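**Student:** For reference, the structure I am asking about is given below.
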Amino acid sequence: MSGTDLVRRYGDPGEEIEVRVDPLRAAALGITPADVATRLASYDAKGAAGQLRDRSMQMLIEIDNQLDSVEQIGKTPMTNGDGRDVRLDQIATVRFGIPNPPVTSALLEGKDAVVLGVMVRSERRIDRWTEIAEDLIDQYRATLPEGIRVEQILRQSDYVTDRLKSLSGNLLLGTIAVGFVIWLLMGWRSALIVTLTLPLASLMVLFGLRIFGVPIHQMSVTGLIIALGLLIDNAIVMVDEVQSRLRQGASPVDAMSRSVSHLAIPLVGSTLTTALAFAPIALMPGPAGEFVGAIAISVILAIVSSLFLAMTVIPTVAARQLASQNGLPSHGGRSSNAAGLRLPRLSQWAASVLRSLVGRPWLGIAVSMCLPMAGFLAFPTLEEQFFPASGRDQFHITIEGPATDSLAQTQETAQRVDAIVRESGAERVDWFFGESAPQFYYNVISSRRGTPNYAQALVRLPSGVAPGPVIASLQRRVSREVTSARVLVKQLEQGPPFAAPIEVRFFGPDMEMLQRFGEEARAILSRMPEVVAVKTDFADVLPQLTFDIDEASAAQAGISPKEVARQLATALDGQSGGSVLQDNEVVPIVVRVGDGNRGEVSRIASADLVLRGSGRSSVQVTPLSAFAKVGLEPEAAALPRRNRMRMNEVAAYLVAGVLPSEVQTALERELQPLIEQLPAGYSVQYGGEASKRDDAVGNLFSTVGVLAVLMLATLVLSFGSFRMAALIALIAALSVGLGMGALAISGYPFGFMAIIGTMGLIGVAINDSIVVLAGIRANEKAADGDVEAICGEVMHSSRHVIATTLTTMAGFTPLILDGGGFWPPMAVSIAGGVGGATLLALVLVPSMYRWMVRRPATYRSV
């Protein structure tokens, strides 16, 4: 089917033809299971037998004697020790079936099943692909016999469609909020002109995403939502400037050309700095960069499109449409409906306060720095969280028993867990044994194969049920009632995947020392109430059945230890005896002894071995116990290495909703005395969420240095002054404190999305300051430090500064109201920081500028 990337079967144990040898009959005839396998393989003549070649042609030669049925295999002749032939079905039973024991299985709602996991190519729309796939499934369903049915256990397109609908609703709500703010502050004429930027810029962004190969998914659409309040900033400034010049009596053409000329450098500079602030996110390598990179790409495309429209389309339309508004009378405290909100008394009061602060620059600087400093002081109190949990109506359960557990034992454990899960109100529970479940969520990796002591369940809750409380309750109950295996109830997480939230790795040469360090870390973690399970690599010890062979007796009997191991392996595990081609499937032939002879230690110890002398007739049979003693010894289940060094990893799993950073901090504090006393050659490394967070943050900041230099260069070139660039850089630094303060007030943790929001805030927060500073420097009197002129220029800019601030905050409102823990930290940090940055633009910038120009003239030109 077109668009399908990968199809994999789960829960399918496969097929085989088992040749179950009767050890007593076979041994009496001097035939071993290995002899049977070798003889069967010799009859499997599927390969080519050379070619016929002459001058005019060439032709393949093939032997027609191939094993093709159970009956034919049973009739295969076997040669005994006396050289006589016996049929295979005289000493063995041949059957067609599944491997015994099976290596994997699946239970869907308590019924045996085989599951297909289907991956779709990233360039295909999953909703359209799903419709075509379901039509094909319906056609196939009609051909199935009675008792066999096909059903879907996961329809990923439903989650994708619901998420995109939610984001589309957020996009519409943001558009309405932004349009309302513009109408309220600037009037309906200006609002129509400014909002013209939204559809035009959005179409340009979609075109850009197509060029860059970025699909329409939740990240790229969220980038558009973030850009809602940003992409109209340039349009607001341009429309307000054109409108102001028209009121001053300029002609439409003159107002348009002068506005473009006056605002070209500050708008280009502010756009470039914003783009450079989001660039590290777009350029970020690694899984986290792949996850969030589309957000930054959408934002950069949006603000660049906004700049193009603000310098071309918007001033032209504004000059034409607003010309008729020039000279309209005011009514009461407000202008006409076309002019927007006017509050003369509030403006007079604000101008008076501004004159007082600018007249005493130190006071203005002190007042405007209070909020950023408070934010920096609140930063240490913020909780840390790499990525929040998902609110999806699904979760998964993993069962991992002792390494000796069989698949049947794992299924028995799963039955007990399944009963508990269904009592909690689960809508559907599907189990996969011996392997991981199909990848149903982007960061839940299917990595387990051929592990009989492992099982994974996919659980779906009824719509509207919050998964967090259910998961926490289930984990407490299964931990109390199911003690024969490690059962973990896992909530779906956002961000890059990790095996366990807390991981401690000890490296060193000696296994006993590594085991001791691991046990100490395990004891520390086990005492923490937030930890539900702890796993160490050296904890599992496998009981190993050993046979101590008397080499002298074995040599006298004419058999070597290697031959003993070969005959035992063939009898117990089986040996390949060729294969049978059925339709398009290759079915292997496996030769082994019966279950009764390989399921008891006493039977294995007394297994008959065939001893051959110099001739075929000199065949003897003797039990293994005649020259071997059986024993039971412990053996480490795993000897892991990392970067070629021996390692003991201790992994801890937490109660749902607990922040890993809190447990990580407590663990590092408790482990510090042990780490300080580590012998030479031993080291400790932390993994889990902390490692992934450090990797992601390191990748995020890998390009920050170069981009920061480019941003400063842009500011220096825009203003032609290092001091003015330093002033804007100060605003950028203080905006970080504003973002931290917004997080502290809202109660959200400081995580990766908050870091991304803070980086974006740096670029957004300085835009208004750039415009205000450019206006002051363009006014001769203000540029020389005249208080009245500086205040007049700031009040002139205050309208579009406040308008751009409110529209930016309105654009982030849908993401804040969307709830959950993923988007709000980023939205709050940007929206709250931009709100505080308005105070910096209107108070700190003019105060700092006047303080600077009061310095000696030799420094003013720097």
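FYI, residue positions are counted from 1 along the chain as it appears here.
Backbone N, Cα and C atoms are what each Cβ position is placed from, and that goes for glycine too.
Quantities reported herein were computed from a predicted structural model and do not represent experimental measurements.
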**Student:** State the residue range annotated as transmembrane segment by TrEMBL; the candidates are 259-279, 343-363, 637-657.
**Tutor:** 259-279
**Student:** With the ranges 482-502, 545-565, 797-817 to choose from, which does TrEMBL describe as transmembrane segment?
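**Tutor:** Going through 482-502, 545-565, 797-817 one by one, TrEMBL gives transmembrane segment for 797-817.
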**Student:** Where else in the chain does the transmembrane segment (291-314) make close Cβ contacts, counting only residues six or more beyond its ends and a cut-off under 8 Å?
**Tutor:** 193-194, 196-197, 200-202, 204-205, 208-209, 212, 214, 217, 219-224, 226-227, 230-235, 237-239, 260, 264, 267-268, 271, 274-275, 278-284, 495-496, 752-753, 756, 760
**Student:** With CB pairs under 8 Å as the measure, which of the listed stretches 751-776, 797-817, 823-845 comes out on top against the transmembrane segment (724-745)?
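**Tutor:** Selected stretch: 823-845, with the most Cβ pairs under 8 Å.
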**Student:** Taking the transmembrane segment (191-209) as the reference, which of 221-239, 259-279, 797-817, 823-845 gives the largest number of Cβ pairs under 8 angstroms?
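**Tutor:** Maximum Cβ contact count belongs to 221-239.
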**Student:** Check for me, if you would, whether the transmembrane segment (797-817) reaches the transmembrane segment (167-185) - at least 3 Cβ pairs under 8 Å, residues 6 or more apart in sequence.
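**Tutor:** These two segments touch.
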**Student:** Are there 3 or more C-beta pairs under 8 Å linking the transmembrane segment (259-279) with the transmembrane segment (751-776), counting only pairs at least 6 apart in sequence?
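**Tutor:** When sequence-distant Cβ pairs are counted, the transmembrane segment (259-279) touches the transmembrane segment (751-776), since at least 3 lie under 8 Å.
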**Student:** Short question: most Cβ pairs under 8 Å with the transmembrane segment (696-717), which of 167-185, 221-239, 259-279, 823-845?
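**Tutor:** Comparing 167-185, 221-239, 259-279, 823-845: 259-279 has the most Cβ pairs near the transmembrane segment (696-717).
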